[in-house]
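Read through the structure below, which is laid out as structure tokens, and then see the notes.
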């Protein structure tokens, strides 16, 4: 790598005395909504809670620039979804169906099962797994309307056995995305409302005269959607508050630099806040990737967005060796991790935190975004430290099962009695003591 | 049941034309923090984020009425925890150890495992399960300091393989609870800080000079703690925002009325907001339970709390038959469900929503609260519609694994290319296309 700072993408070295500060700054992301956003969201939610459909219609007319007078104008029928699917070119329809099938297969493996075991005295303990009754899927409208997101959110819910799937997708200025509707058809969405923003989240969380109340809301959205989801959390379940998308690529120096450059671009093209970072212990290789970036940038359709994102949040990081690369992985806890190395299996047990791990030189992140099978809804901004990819488990919940035999209750009653009295909860103690055999 | 309204506990009937409204009112619970609580919490969190230990010390001195000058005065050593354990009467020490062992055994069964599968072309897909690095456990101080909660929060984390467990417990006016410290010793807590409130949540979420930043915060607390947890959610993981504890007992009319009365009391004695509801299709039986309630109430240590809680939020509900009882279960989605019936197994598959299910006449809820094995941290206020008991899975997360063979990448690349171009994400498409074999 040259020593003059590149204008295109930052170059960092773990050898620099300032590295820790630089890295912290690079990773910093404050997804906090300011007080004015908070207040507007609170007002919209309160209005939807009180006035239901009427509030949803008013907000939709205002924010999406429509002139709707009845909620039925904000519904899409099953026939409309099917028509959208049938209207697609064969190639797109086939690709969408192939992706859906692979996503379904993978998620089938994820299903947790109920279990029980019996103790010597006949007491049975276990856990019963059940699906949610109803889930809501938020799909962004406008420029970030992605059919792949519809598949990734709806299919795990379906596999989980959710009884009813409600999708909301705003149509600003009336713009409808046929691919999104086709994906909803394919994924078995039951009802679609063309609403968005905090008003859609409120409608799903509280229910209105027309929009059924759901048990959990999943799917990405802008700051109003994220703020509204945080506000209704507890009233309904939510998936996560997503930050900008990011990738960390670790290369051993033997992957084609143009492949790596394009992998970084594929992240950076999402939006100006997206983050693409490459780590390698091979300085010459980093220089080659940098040259490939410069060479390929002018050929990109979304060149301006990529340039902005690389300049603001991208980095090529030179580290000492493989073990330092692993430290960086676990420090960053990336949403997407590409292990572009000869033996990725060897590194895998060392990876403690990552949303999805793309192993080897052939596994471009883009394959996982669309059709490999695993979910593309992943924990961002370091939240892979404690969060998982969206999955079947997000659409199910568990109930503990306790079935004491007469003898089991008698023995457990003695222990519970002592502990309850230790906590001064004597009604607890007496309730347990009734079951002790005399 | 008599027709004159009881002063002690409300009696409802599903036959009443007003039943749905009465039930909604009975279940209503607004756990919303008002703007002034929100603002005070925001200020404390901002202060802890900026000033670290100093802010924690100031807030602790103020709210817990202490006069501490160094954070080390707010630490408990491993030796102090062990001493607390050793100081317990044998009976309590043995009961605590027996409970811990049973909780450990049950949770061992809950561990999810990593999995992989290989497709025909050599592509490998799977999911890797890893523990959190560090978890924080909030334990309330004062009157609601429960050693059983320490076991229930810490043991699943331990079983999950969490590397470091940090416990916080306020000691208002310097009051330390030896049973709580003993439980922390038994459960293998690594560090204890005697801090509480929003300042403790802030310290765990952001880290200070002395309190390590954790990846997830679990455990119940007052409205300040709940508000702070909601605010830091995203920065760290949180378990849930708990409402008041509740039980729904379904009786077929053949359980001893005194047992049932005491089971209801054991819920009601928690606090004035706790909720105890009994459902039966046997009106005479309900009257007998009511008589038992009146008879036993004066014998309770916490009579005043129980009276208040039964009067405000308790109910005896007469329903038409078993299937109507099941409808009520799923409508209420109770935290604790006691199926005090002859054949609870027969009802089990019909129960869609409940935190924990106590099967049969012998399984008092109190047994599950302390020592049956399953967790007593359960979804409240109807959130069993979408939430699960605290478990090992709350202290682990998953990473998707995608390892494409050269052939697999080539085939997937074709699908991804079509879909990415459909979304106008052409860098995604080109990244995938590099991997297509020519």
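Yeah, the Cβs are placed from backbone N, Cα and C, and that goes for glycine too.
Caution: TrEMBL annotation is automatic and unverified by curators.
As annotated by TrEMBL, NAD(+) binding site applies to B:138, B:199, B:222. DSSP assigns residue B:138 (NAD(+) binding site) to a strand.
For residue B:267 (substrate binding site), applying a Cβ distance below 8 Å and a minimum sequence separation of six or more within one chain yields B:245, B:246, B:247, B:274, B:275, B:276, B:309, B:336, B:365. Residues or ranges marked as substrate binding site by TrEMBL: B:245, B:267, B:270, B:336, B:369, B:423, B:428.
Following the DSSP three-state reduction, the secondary structure of residue B:369 (substrate binding site) is helix. Residues or ranges marked as Zn(2+) binding site by TrEMBL: B:267, B:270, B:369, B:428.
The active site, proton acceptor annotation in TrEMBL covers B:335 (among others). Around residue B:335 (active site, proton acceptor), the same-chain residues six or more apart in sequence whose CB sits under 8 Å from its CB are B:245, B:246, B:247, B:354, B:355, B:356, B:378, B:379, B:380, B:381, B:384, listed in sequence order. DSSP assigns residue B:335 (active site, proton acceptor) to coil in the three-state reduction, outside any helix or strand.
Taken from TrEMBL, the feature active site, proton acceptor covers B:336 (among others).
Each of the binding-site residues B:270, B:336, B:428 was scored by the other Cβ atoms within 10 Å of its Cβ; the lowest score goes to B:270.
Compared over the binding-site residues B:369, B:423, the count of CB atoms lying within 10 A of a residue's CB peaks at B:369.
Less than 8 angstroms from the CB of residue B:138 (NAD(+) binding site) sit B:168, B:169, B:196, B:200, B:201, B:204, B:217, B:218, B:219, B:220, B:221, B:225, each of them six or more residues away in the same chain.
In the structure shown, across all protein chains, B:199 is the one of the binding-site residues B:199, B:222, B:245 with the greatest number of other Cβ atoms within 10 Å.
In the three-state DSSP reading, residue B:267 (substrate binding site) counts as helix. Contact annotation for chain A: of the listed binding-site residues (B:138, B:199, B:245, B:336, B:369), B:369 place their CB atoms under 8 A from a CB atom of that chain.
Geometry remark: residue B:369 (substrate binding site) versus residue B:222 (NAD(+) binding site), CA distance 20 Å.
The shortest Cα-Cα distance from residue B:222 (NAD(+) binding site) to any of the binding-site residues (B:270, B:423, B:428) is found for B:270. With B:245, B:267, B:270, B:336, B:369, B:423, B:428 listed as the residues that bind substrate, the site has a largest C-alpha separation of 56 Å. Across B:138, B:199, B:222, which the record gives as binding NAD(+), the greatest C-alpha separation is 13 Å.
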